[in-house]
Each structure stands twice: as C-alpha cells, then as structure tokens.
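Student: Dumping the structure here so I can ask a few things about it.
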Amino acid sequence: MGKQVEIFTDGSCLGNPGPGGYGVLLRYQQHEKTLSEGFYRTTNNRMELMAAIIGLETLTRPCKIVLTTDSQYVRQGITQWIHNWKKRGWRKADKSPVSNVDLWQRLDQAISRHDIDWQWVKGHSGHNENEHCDELARAAANSPTETDTGYLENRD
C-alpha cells in the first residue's frame, strides 16, 4: 500500500434539512490540504458522508488511511451496516430502502482501493482537526454554492 494519509472530516447543517456543508483536512507527512463546499438544501448525515467521500476521492493513488470522523452514522455504516445492505440489495433488515443510498454507494466505491482505519472522535470536544473541519463545514453551509441533487431525488 502507498502513502500513509490522515483524513479528518465533518459535516454541518443549518436546520435538518437546510443549508449544509462539509469540511475535510487531508494530511500527508508535513503537507496539509483543506476542502469544503456548501449546499443549498441537504441533511447533516449527507454532509458527513460527503466529507468522507470527497476526502477519499481526492487521493490519486491507493493509500493507507486513518480517517477520523465525529459521525457514528458514517463510521458504523461503513464498518458494520453496509455489508448487509449490499447483500439485501441496498435495503435494511425491515426491507425499507437505505437512506442516502447514492452516497453510501459512492463511499463504497471510494474505499475500494484504500486500506482504511476508521476512527471516531466526539464532536465539539476540543479535537483540533475535528474543530477545524467543523469550522470549514459551518462556513460552507453559511455560503452554499451547490445543489445536493441526491437529496432532492431521494426525498420522501
């Protein structure tokens, strides 16, 4: 496996649904890069997923990654729930469709070439990188520029 990279992510939503954004910090050795984007109408879970997806999709070659998120939804979804969702044709145990399936499928694709250690950190607990991503996500949510077409298409 290639480079060892750290990725820190956070999503934010001003209302749920409402304007939202994601923030990402990528670190390789002494190099850091931040990414963020805001959406006019979305949900907090979609922004948490987008943060992880964008962080992973930014990498140009397979890497060994430690990805830190404050979202149990993302961490549990990708490490525990996704296997059964895929077996059931992207349905939950009660046969209902998986929420945010467009993003779960995109995340599933994004992880396929990497070796990832998924870490969870409590949000708003003073973790420097998580706090920085939270600031990026909130700023993006306050200045949205994009339409979350997946949210619009998958709305009940």
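From the backbone N, Cα and C atoms, a Cβ is placed for every residue, glycine too.
Pulled from Swiss-Prot, these are the listed features:
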type	residues	note
BINDING	ASP10, GLU48, ASP70	Mg(2+) 1 binding site
BINDING	ASP10, ASP134	Mg(2+) 2 binding site
DOMAIN	1-142	domain 'RNase H type-1'
Student: Using an 8 Å cut-off from the Cβ centroid of ASP10, GLU48, ASP70, can you name the remaining same-chain residues around the Mg(2+) 1 site, in sequence order?
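Tutor: Output for this site, in sequence order: THR9, GLY11, SER12, MET47, ALA51, THR69, SER71, VAL74, GLY123, ASN130, CYS133, ASP134, ALA137.
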Student: Comparing the binding-site residues ASP10, GLU48, ASP70, which residue's C-beta has the most other C-beta atoms within 10 angstroms in this structure?
Tutor: ASP10
Student: Counting each residue once, how many in the domain 'RNase H type-1' (1-142) are helix, strand and coil under DSSP?
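Tutor: Reading the DSSP string over the domain 'RNase H type-1' (1-142) gives 57 helix, 47 strand, 38 coil.
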Student: Given a separation of at least six residues and a C-beta threshold under 8 Å, show me what packs close to ASP134 (Mg(2+) 2 binding site) in the same chain.
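Tutor: Same-chain residues close to ASP134 (Mg(2+) 2 binding site) (Cβ under 8 Å, separated by 6 or more) are ASP10, SER12, GLY23, ASP70, GLY123, HIS124.
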